[in-house]
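Annotation comment: TrEMBL describes 31-49, 82-98, 110-127, 133-150, 157-179, 223-242, 254-279, 285-311, 332-355, 361-380 as transmembrane segment. According to TrEMBL, the feature domain 'DUF418' maps to 251-399.
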Amino acid sequence: MRIMLVSVTTLPRDPSPSLSPLVRRVVEVDMLRGFALFGILVVNISYMASPYGTFGLPDPDFTRAVDDAARLVGETLFVDKFYLLFAFLFGYSFTFQAERAGASVVRRSLRRYGALFLLGAFHAVVLWRGDILTVYAVLGLVLLAARRARPRTAVKAAVILLAVLVAFYALLAGFSFWAESVGRNTSINVFDDPSQMIAAYRGGPLDVIGENLALLPGMLSGIWFMQAGSAMAMFLFGFAAGQVRLLEDVPRRWLVRAQWLGFTAGLAGSLAVGVTHLVDHSGSGALLALDLTVTTATAPLLAAAYAATLLRISNARPGIARALAPAGRLSASNYLGQSALMALLFTGYGLALFAKASPPLLLGIAAAVFAGQLLLSAWWTRSHRYGPAEWWLRTLTHGR
């Protein structure tokens, strides 16, 4: 549900080792951003296509083993991983903007975040209620205030923030389990009858917008409670990495360590959370708090392992970067395009297939849409410096 909106598009796209470190860094950032677009789509499509995904409940129409397997894949490998990668890249690319903006960094950043907020508000009301852009715009102000922080200070702040979040969620889980043990109800399951939601999203455009507005407060409160803190921590990690140009030449031993840690502790935590979501549908507030504790502690590790793996593979096979980077350059347009296409498929804007697609089919649709975006992005960037959304943001930011 997240997007990194700052693109550097005036430099060559060839990621070969012969290019300068700055050019290679930009290509790698766009490559990672393009890769993250796929993960974002896999997560968002389950929410946009079914009322049950919004509330973490199984769809009674799709109860086969293959349906459960697809859900487990999504929960374990995708959910809560790729927005972290986007947040890291947001912070990383902020250093580019600060350098280019010079003395006007504050004024330009305020305009950029204002434009981002407007874009997010439109996105949330018209297309996808789970928008994160408005949250990013607000968190960007915090990053702007911290722009003079040294890399070490930013890293310490990020670690402390994550530690505080883990401790808070753990205390909340402990209290909730105690409350349940003495007969208190901690259930957060407020979803009883899906028929109204299904009817609204299969209705006309005004019905879709009305349902988005009705669900938006709950979605935003959930994002702020469960994801905003971790996103801010990743902003700071990315900001620190950008200051030292980490992605220009990441030491191989760091990449290997990230893979080992992510694919052991990170994957174990994600699998535990995924299995819990698959087998327990009680809506227990205690289990949710426990899931948040584990996710906050381990999801960043798996996200880092994904990034490290892609960086290592792309070093040996530069064609991967060439395939992914154009989509990353147009990340705002591609993100909004994903939401627009999903709305056309699943709501009354188009085919109105809401609550009609199985989890395996949704994975297939996500893969097909992303493949199409890779091809379209490669074609577009051969003749255009910016995508439509990037152009609009640039115009509001720079006034030209």
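Placement of Cβ uses the backbone N, Cα and C atoms for every residue, glycine included.
Non-local neighbours of the transmembrane segment (133-150) in the same chain are 2-3, 5, 87, 90-91, 94, 98, 105-106, 109-110, 112-114, 116-117, 119-121, 123-124, 157, 220, 223-224, 227-228, 231-232, 235-236, 239, 243; each lies 6+ residues outside the stretch with a CB under 8 Å from one of its CB atoms. Note: the domain 'DUF418' (251-399) comprises 122 helix, 0 strand, 27 coil (DSSP; helix = H, G, I, strand = E, B). Within the chain carrying the transmembrane segment (223-242), a Cβ under 8 angstroms from the stretch's Cβ atoms is held by residues 1-2, 80, 83-85, 87-96, 130, 132, 135-136, 139-140, 142-143, 146, 149, 151-152, 154-155, 157-159, 161-162, 165, 292, 296, 299-300, all 6 or more beyond its ends. By the Cβ criterion (distance under 8 Å, sequence gap of 6 or more), the transmembrane segment (332-355) is not counted as touching the transmembrane segment (254-279), fewer than 3 such pairs being found. In this chain, the transmembrane segment (82-98) does not touch the transmembrane segment (361-380); fewer than three CB pairs sit within less than 8 A of each other, excluding pairs fewer than 6 residues apart. Tertiary proximity for the transmembrane segment (254-279) is limited to same-chain residues at least six positions away from its ends with a CB under 8 Å from its CB atoms, namely 56, 68, 71-72, 75-77, 79-81, 287, 291, 294-295, 297-309, 311-312. Per-residue confidence over the domain 'DUF418' (251-399) averages out at a pLDDT of 95.
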